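Here is the structure we will look at.
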């Protein structure tokens, strides 16, 4: 029994000695031993520093793992063998032209500017082609979709918009670019673009005009020998949003065409056209231009019903209508380009201006003839000597252009109601008629002299409206 106990105690001492020996040779992570009284403390620190240096020099325990966000792109590039090919050359270089199909979905037609002669359109532009260099093995025949980062590493068609003034690819929240690759190498390249392009407009029938604009797509570097550009599904390649509308235009039609463009320095290129026809809404211009002009012409006719002696009433009315017509013409031309030909709206406005101006000239003629009439009447009164009691009277008929003073001079006749009559008969007897046999043979006869300049206003009340109505019938039958 005692021997067994001694053996157990010996085993325990051996185990304890082995533990102490292990603690003196093994460094425990995160544990620091401070024994300044011992001489072996400095070598221990040196060994610890050497141990840390070993970790700093590339110990696999502290090696940082690669960025997992970049690993799918790297695997995709390896799967597509991006580094094994030269993508600066087009697919099938040296062979026939590579066919590139295009389809477009118009998202919005933002604005049409007559002054700048351009339009702004936002669209989805999609390209279709086959590049066998991008083919990859796939058991489920699924395509791979990428963003714009891969576009910079492979070959894509170098399309541009002919006659464009400004264009950009949308980048909210990221670049609106998508690349989809099929296992057999077929590629779909789609991007969202806003472009402002030129549109040659003809304003000879403005605002009753119809405009046709085109957005032209073409390869910048590759001629028809290298790249064959075509609409993938014909007219069905162009899709539009049904909600597209413009404030001043009605979109009548969208259609596609394909033509060849020739450049003397480089050759022939395939060019795709997106054509759309716009018809202008006339109601806005009826309210803003035609109706005010017609109203001013009709207002100028009011002067024909005003007494020709009322100069303060007729003159300001004529001047006001002329100035208003000038303002309307100036306002219309300010919103239009300075073209060298006459527009339909110019014809209407200038003819209306002529009618207004003629109404002013009409009153000038009436006023002048009235003044001449008064001068003749004054001379006539001076030649006639008024002698009471002469048996043979001669009648002089005057119209309403006489004044109150003239009535007193001609005998003091005035109706009971106090109003001036349109005509009055003044009985005058010449002294030389009493003893003349020739005058006696003419007793009882009267000579009437009628001077009536008011007839010009009466004729103008009919001629001016009739002529303006005839002009409107001809104008709207031609331009509508």
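A Cβ is built for glycine as well, from the same backbone N, Cα and C atoms used for every other residue.
Swiss-Prot assigns residue 307 and residue 375 to topological domains bearing the same name, which places both on one side of the membrane. Binding site for 4-aminobutanoate per Swiss-Prot: 126, 218, plus 190 from the candidate set 190, 237, 245. When 141, 333 are compared in Swiss-Prot, the N-linked glycosylation site annotation sits on 141. Of the candidate ranges 282-302, 387-407, 408-428, Swiss-Prot annotates residues 282-302 with the feature transmembrane segment.
Checking Swiss-Prot for transmembrane segment across the ranges 438-458, 459-479 points to 459-479. Under the DSSP three-state reduction, residue 213 (disulfide bond) is assigned to strand. The recorded positions recorded for this entry are 126, 141, 190, 235, 275, and the Cα of 275 lies nearest to that of residue 213 (disulfide bond). Here the candidates are the binding-site residues 126, 190, 218, and by Cα distance the one nearest residue 275 (N-linked glycosylation site) turns out to be 218. When the Cα atoms are compared, residue 199 (disulfide bond) and residue 218 (4-aminobutanoate binding site) turn out to be 17 Å apart. For residue 126 (4-aminobutanoate binding site), the same-chain residues lying six or more positions away in sequence with a CB closer than 8 A to its CB are 102, 103, 104, 105, 188, 189, 190. Same-chain residues lying 6+ beyond the ends of the topological domain 'Extracellular' (336-346) with a Cβ under 8 Å from its Cβ atoms: 114-115, 117, 203-209, 285, 289, 329, 479.
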